[in-house]
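Per Swiss-Prot, the features are as follows:
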type	residues	note
BINDING	178-233	ATP binding site
BINDING	312, 324	Mg(2+) 1 binding site
BINDING	324, 326	Mg(2+) 2 binding site
DOMAIN	150-357	domain 'ATP-grasp'
């Protein structure tokens, strides 16, 4: 009998998306094929401690509006051996400090936001010589930072929306830029996700408060012109032989749903109040769907991505415009990425297996 592949599912983390990472991990733990994979669940506390947990999916769900999390009491504290000669070893930091608690073949970093999705854990895993699911250091960092995502997409000749970046030394948007952007605008942490810290601004006198909110999560802020149009999404998946495929296109509809006339897909709408309708496949012409799929793969290549990504679009009268790239999209039960692949004929367990197998085939180092 072939030995099962040992997969460390790493979740939680130090970012404001800690809870959503836990929910994604719970869904993944339910769907990894136990006949093929031996799961080693590793939680990261909001303070940054790594712990070996029991990995029970039911503890990683949103229950009656309460968000899950990882604490120091969730399990045994551990560290990843950074020496490639001890590749994949998880070492105890408890009473038996230095003992090997587990050794893994591959890491699935189900981490959203800074200190996980931004190239940091990817760099650690490269140093340790441990294969991992998803994008490498460069693509993870570029995909996390909306400023550099847009720069790379623009350099590749891909359509992006108008925007202004506010660095920590810059207090507000200039009058010239305000005139160009118009209203409304969306004010966001440049390196964040799950709509945390995001505001829709319809009057310029509300801009300072929106910038202050965004800067609670990131000192660098991006202010984006609103783009009228439908919200479409498309998944990209790399296979073990290196070829790429784009998924069925999906659509998120918020305006008019549960009173959300502003059409703002915020954190509560995404995760807590069922305030959006998800159409998979999207009700668009075949030509539009094919254009979106093609742009998704071009965007994936533009940031030198690997493994997987979800590319978000606005469908305007002039055609699709790329909003963001998510190099570790959500894997919750309502997340679009697995739903779009299911509609494309790849069920959840097969999708996860493909990602793990691709990570192992790719390995680490320059490639």
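Note that Cβ sites are derived from N, Cα and C of the backbone, with glycine treated the same way.
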Mapped DSSP class for residue 227 (ATP binding site), helix or strand or coil: coil
Rounded distance in angstrom between the Cα atoms of residue 185 (ATP binding site) and residue 312 (Mg(2+) 1 binding site): 18
Euclidean distance between Cα atoms of residue 326 (Mg(2+) 2 binding site) and residue 213 (ATP binding site), Å: 22
Residues satisfying Cβ distance under 8 Å from residue 192 (ATP binding site), sequence separation of at least 6: 15, 16, 17, 113, 114, 198, 217, 218
Spatially closest candidate among 312, 324, 326, the listed binding-site residues, to residue 178 (ATP binding site) (Cα to Cα): 324
Between residue 220 (ATP binding site) and residue 324 (Mg(2+) 1 binding site): CA-CA distance (Å): 17
Mapped DSSP class for residue 312 (Mg(2+) 1 binding site), helix or strand or coil: strand
